[in-house]
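According to Swiss-Prot:
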type	residues	note
SIGNAL	1-27	signal peptide
DISULFID	32-84	disulfide bond
DISULFID	45-69	disulfide bond
DISULFID	54-79	disulfide bond
DISULFID	58-81	disulfide bond
């Protein structure tokens with residue numbers, strides 16, 4: 001009986017260690033993306049420039065891994081600095 005209780009305790013203890021050591025899933029959404037700031041306009045995200053000025057400026061000025069453009073209604077465009085992914089888009 002005592003061996004069974006000790007065994008169960010050991011199993012739970014190992015399970016706890018494994019769960020606490022598992023790395024967290026990389027941040028997504030708002031934790032990764034921060035707006036560059038200001039009205040950057042179309043020039044920051046012009047589709048024919050690769051990588052975009054948004055990508056380059058986020059890396060140089062904000063210390064981010066990259067930058068992404070989000071297009072809204074009409075000419076509304078936002079530059080979001082990406083602190084998790086360095087893939088140019």
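Including glycine, each Cβ sits where the backbone N, Cα and C put it.
With respect to their backbone Cα atoms, residue 58 (disulfide bond) and residue 79 (disulfide bond) stand 9 Å from each other.
The number of other CB atoms found within 10 A of the CB of residue 32 (disulfide bond), across every protein chain shown, is 18. Packing around residue 79 (disulfide bond) is summarised by its Cβ count: 24 other Cβ atoms lie within 10 angstroms of its Cβ, all protein chains included. Sorted by the number of other CB atoms within 10 A, the disulfide-bonded residues 54, 84 start with 84, the lowest. Counting every protein chain shown, the Cβ of residue 69 (disulfide bond) has 20 other Cβ atoms within 10 Å.
In this structure the C-alpha atoms belonging to residue 32 (disulfide bond) and residue 81 (disulfide bond) are separated by 8 Å. When the Cα atoms are compared, residue 45 (disulfide bond) and residue 54 (disulfide bond) turn out to be 6 Å apart. The secondary structure of residue 81 (disulfide bond), as reduced to three states from DSSP, is extended strand. The Cβ of residue 81 (disulfide bond) lies under 8 Å from the Cβ of 33, 34, 35, 36, 58, 62, 64, 66, 67, each of which sits 6+ residues away along the same chain. Neighbour density around each Cβ, counted as other Cβ atoms within 10 Å, peaks among the disulfide-bonded residues 45, 58 at 58. Reported as a whole number, the C-alpha separation between residue 84 (disulfide bond) and residue 69 (disulfide bond) equals 15 Å. Annotated pair residue 79 (disulfide bond) and residue 69 (disulfide bond), C-alpha to C-alpha distance, rounded: 5 Å.
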